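I have placed the structure first, in the form of structure tokens, so that the comments after it can refer back to it.
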Amino acid sequence: MKIPVPYAWTPDFKTTYDNIDSEHRTLFNGLFALSEFNTQTQLNAAIEVFTLHFHDEQGQMIRSNYVNTKEHTDIHNSFMDTMRGWRSPVPQKDLKDGMEWLANHIPTEDFKYKGKL
């Protein structure tokens, strides 16, 4: 999916789970704020919201016995390794890659669990 301009959650990213959609909005907001301010504080905040969301989403998968939980968790862990490797100020290429990752992850990976959690 194309990176939305401005960089924000849109209904195109709706998973049908209100709590997950709300957290996805926070992820978009976190990356947008990081791209605007690009400070260590903002980087830490973005890492925190991604960490919390992934924990919540994976917990919901586990409680629902979602068959692809491990695969999905591995994808999350790989992205978190990338984010934790970023240093402030984060280069624009890394920010763009992170924005693309999120804009693609939701429709290609998260949509797989629609109706299954």
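Counting begins at 1 with the first residue displayed.
Every residue, even glycine, has its Cβ placed from backbone N, Cα and C.
Copied over from TrEMBL, here are the features:
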type    : residues                            : note
BINDING : His24, His53, Glu57, Asp110         : Fe cation 1 binding site
BINDING : Glu57, His72, His76, His105, Asp110 : Fe cation 2 binding site
DOMAIN  : 16-116                              : domain 'Hemerythrin-like'
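Positions of the features from TrEMBL, shown on the structure.
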{"residue": "His24", "record": "Fe cation 1 binding site", "contacts (Cβ under 8 Å, 6+ apart)": "Trp9, Phe13, Thr15, His53, Ile106, Asp110"}
{"residue": "Glu57", "record": "Fe cation 1 binding site", "contacts (Cβ under 8 Å, 6+ apart)": "Ile20, Glu23, His72, His76, Asp110"}
{"residue": "His105", "record": "Fe cation 2 binding site", "contacts (Cβ under 8 Å, 6+ apart)": "Ile75, Phe79"}
### Message
List the residues in the vicinity of the Fe cation 1 site, defined as same-chain residues other than His24, His53, Glu57, Asp110 with C-beta within 8 angstroms of the site's C-beta centre.
### Response
Thr15, Ile20, Glu23, Leu27, Phe54, Asp56, Ile106
### Summary
Whole-number mean pLDDT, the domain 'Hemerythrin-like' (16-116), equals 97
### Task
Count up the helix, strand and coil residues in the domain 'Hemerythrin-like' (16-116) according to DSSP, in that order.
82 helix, 0 strand, 19 coil
### Query
Just counting, how many other CB atoms are there within 10 A of the CB of His76 (Fe cation 2 binding site)?
18
